[in-house]
Amino acid sequence: MLNTTCQYEEPFYILPLNWISSFLSIPVYGIAFIVLLMKCPKHFDEYRKYIVIHIISGLLSDFHIRVIWKVSVFLPWPSLCSNGFAVEYALIMFYIFVILLFFTGATVLNLFLQRMSAITKHVENVNFQKFIYFLRYLFYASSGVAIILVVSIYPEFRNQKETKTIIEQKFGTLPGYMWCDNCFFMQFESRLFSLFFILGYFIIICVVTAALLAAFETLRALNSNSLSLSPKTTIIVHVSLLFIPLLAFCLANFIVINNEYLAPFLTLMIEDHGSVSTFTLLITNKLLRKATRKLFLMPENLMMKAEQRVFKRSKNTSGIHVVTTN
């Protein structure tokens, strides 16, 4: 239990946003599990397992960030503050978040590789596929090293008095609650932590590269010239809702970003990453879209309109030509 000096108040609009987000996320996850476990055709079983695991990773991540850790960021100070159920173990909650990120990365990678493996069984392109699998092994090895690094710096990470003094000199007087253990800062003055952070972004690049190459190899085997909407949008969702917010939090340690609305918005992007990814799968994957339509007895053109809206947003943000067939 926190004493009064360690408690803080979030902006008034955070609670309504969280309620609205949760209200929308819960049915998305519920529909996804019903469709995947009860409405999918038998020939979809193998790929379905990977989708279910991927959705579970997103659900765990959403629940951890929103409920257990309940992280808040108050710019211009790049601190991570917690007032969730496990407030006394805020740093450990960060470690769990890191592990969940690696878990999500693994599920994304396996989704693309399983699809490639199923479609290219009788297609010879051995060297290219070997390189893709090499990236997967590189991802696992790098993730293991990253976890070892972040665990090894736990003792100095926990003692943040010196770090907070440096932050105060750089960004101005810290609010009283930021001196408590439920608030901590990224320790970029530590070489090991800096190496961990750089390695983390290298891991993200490995996942994105391997997923893109697997998608292109799949399409090559299908004799298709354009990247379909489902894999393309999946990649955009993961990059946009994870890579960009984490990069912004990283930059906040080196430059002053004095915007009270930016941090809650970026945090919300990470919190809703799992539900948005799940919704994207439901409306862009042809089999899942048909199963969802049958579940609600919805006309096909209604689901297609929702897919087209996602397509337009994806096209505007990326500028890459895509088609809407899977």
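We count from 1, first residue shown onward.
Glycine residues also receive a Cβ, built from the backbone N, Cα and C atoms like all the rest.
Automatic, uncurated: that is what TrEMBL annotation is.
Taken verbatim from TrEMBL:
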TRANSMEM  12-38  transmembrane segment
TRANSMEM  50-69  transmembrane segment
TRANSMEM  89-113  transmembrane segment
TRANSMEM  134-154  transmembrane segment
TRANSMEM  192-214  transmembrane segment
TRANSMEM  235-256  transmembrane segment
TRANSMEM  262-284  transmembrane segment
Residues from the same chain, set at least six apart from the ends of the transmembrane segment (12-38), whose C-beta lies under 8 A from its own: 48, 51-52, 55, 59, 62, 66, 72, 264, 268, 271-272, 274-275, 278-279, 281-282, 288, 291-292, 295
Same-chain residue ranges lying at least 6 outside the transmembrane segment (50-69) that approach it to Cβ under 8 Å: 18, 21-22, 25, 29, 32-33, 36-37, 82, 84-86, 90, 93-94, 96-97, 100-101, 103-104, 107-108, 110-111, 114, 267, 270-275, 277-278, 281, 288
